[in-house]
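Taken from Swiss-Prot as is:
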- 1-96: topological domain 'Extracellular' (TOPO_DOM)
- Asn34: N-linked glycosylation site (CARBOHYD)
- 97-117: transmembrane segment (TRANSMEM)
- 118-132: topological domain 'Cytoplasmic' (TOPO_DOM)
- 133-153: transmembrane segment (TRANSMEM)
- 154-158: topological domain 'Extracellular' (TOPO_DOM)
- 159-179: transmembrane segment (TRANSMEM)
- 180-206: topological domain 'Cytoplasmic' (TOPO_DOM)
- 207-227: transmembrane segment (TRANSMEM)
- 228-238: topological domain 'Extracellular' (TOPO_DOM)
- 239-259: transmembrane segment (TRANSMEM)
- 260-329: topological domain 'Cytoplasmic' (TOPO_DOM)
- 330-350: transmembrane segment (TRANSMEM)
- 351-405: topological domain 'Extracellular' (TOPO_DOM)
- Ser371: phosphoserine (MOD_RES)
- 406-426: transmembrane segment (TRANSMEM)
- 427-445: topological domain 'Cytoplasmic' (TOPO_DOM)
- 446-466: transmembrane segment (TRANSMEM)
- 467-472: topological domain 'Extracellular' (TOPO_DOM)
Amino acid sequence: MGAVLGVFSLASWVPCLCSGASCLLCSCCPISKNSTVTRLIYAFILFLGTIVSCIMMTEGIQTQLKKIPGFCEGGFQIKMVDTKAEKDCDVLVGFKAVYRINFAVAIFFFAFFLLMLKVKTSKDPRAAVHNGFWFFKIAAIIGIMIGSFYIPGGSFTEVWFVAGMLGASFFIIIQLVLLVDMAHSWNELWVNRMEEGNPRLWYAALLSFTSLFYILSIVFAALLYVFYTKPDDCTENKVFISLNLIFCVAVSIVSILPKVQEHQPRSGLLQSSIITLYTLYLTWSAMTNEPERSCNPSLMSIITHLTSPTVSPANSTTLAPAYAPPSQSGHFMNLDDIWGLIIFVFCLIYSSFRTSSNSQVNKLTLSGSDSVILGDTTNGANDEEDGQPRRAVDNEKEGVQYSYSFFHLMLCCASLYIMMTITSWYSPDAKFQKVSSKWLAVWFKMGSSWLCLLLYLWTLVAPLVLTGRDFS
């Protein structure tokens, strides 16, 4: 009897698979809005794609993929550096799988980007497709994934690698904008609370976190100088670290200039400290992609040097061993790639909960003027009977709270960023005989760090330059 009731209880949720997003989650968070829950579900779909991509790099999955006719032989035949020929297929099956998984996810979100252009309110019939029909969407993604494994190699992987570089570059720009927006919003929130009451507490909190981020930045920069430079070598690394340190000091000074404070009172050192730390991360990430291993020590050698008291500074040249061949299970992510995914997940969650009222960077992903927060009071959220799937309030009848099309474009580019991150930005050579790090990835990431600083600097000086525009 209990099993029968369980089946009927499960069946009551089936309509949710073909209806709105809020129906799927609102039993655990009844006071929510449709715009927020929909973004969370799309973000969760992308997160699942990321997990599947990571799983595809494991040995067991690769063994099964090798059984697919033509997947390992023919097409994109390349060899990993310092890897024996009999292990080539084990490594590249994982790389091919990551390309195809994220191809399916990117195509799915790009199709929705085109479909959702010019959607203004939830009354648009296309809004129902955006906010519902989850069974068919998931089935479509799975179908595209399965079909992508039968796409011939060769030119497909070559073209998709270029597409991945372009898409990942655009997502890094979006990620940088979200980071700047988060820093501004955090500072504004705490400054407001400091003005409302108990100023000493919030001032101490602001000072503590600002000091912490700057201390971490100083330690980070010192470690980069110690392990990624040499007295008579690694000139590029010295220039990269020094330039970005100078730029970070410059934007920190600009953020507290009287003129900037006059036009933008909420600007301060908290934002600058976050941007400084992130810029140094991008600098480190760029240097880990350098093909010259003498200036790019492995993580294990650095840890050994830090933990072993027997290693002297005179032996610091041992920190740059030859490139370690990947295991039989294939190449997996480096530490900087893992940190890149962590930052990606954070930005993805932030973009899902992000409110339009606290956006400081031109409301990049939002178009409405109302706040989209889970804690808002809603009417009719509990109208459903107990035990039935609760539905969230449709807060977009008068206007969408974010750009549907841009949100899908962001997720499309995010899937390409995941693809490049998991494969460590490896680039095939002209004859497709090996795959290795390239200076292109180094300059790409360094350019991203400079773009981050430029974006933040623009948010500081924009009110001074565009005096006729309201930045409040």
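Positions of Cβ are set from backbone N, Cα and C atoms, glycine also.
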Is it the case that the transmembrane segment (133-153) and the transmembrane segment (159-179) touch, counting contact as three or more CB pairs under 8 Å in which the residues of each pair are 6 or more positions apart? no
Near the Cβ of Asn34 (N-linked glycosylation site), how many other Cβ atoms are there if near means within 10 Å? 26
Seg_contact(the transmembrane segment (159-179), the transmembrane segment (207-227)) with at least 3 CB pairs under 8 angstroms, min sep 6: no
Stretch with greatest number of CB pairs under 8 Å, the transmembrane segment (446-466) reference, 207-227, 239-259, 406-426 candidates: 239-259
Against which stretches of its own chain does the transmembrane segment (406-426) lie, if we need a Cβ under 8 Å and a gap of at least six residues from its ends? 39, 42-43, 46, 49-50, 53-54, 57, 95, 98-99, 102, 105-106, 109-110, 112-113, 116, 163-168, 170-172, 174-175, 289, 331, 333-334, 337, 340-341, 344, 348, 351, 364-365, 435-438, 441, 444
Residues of the topological domain 'Extracellular' (228-238) by DSSP state, where helix covers H, G and I: 5 helix, 2 strand, 4 coil
Secondary-structure category, per DSSP, in which Asn34 (N-linked glycosylation site) falls: helix
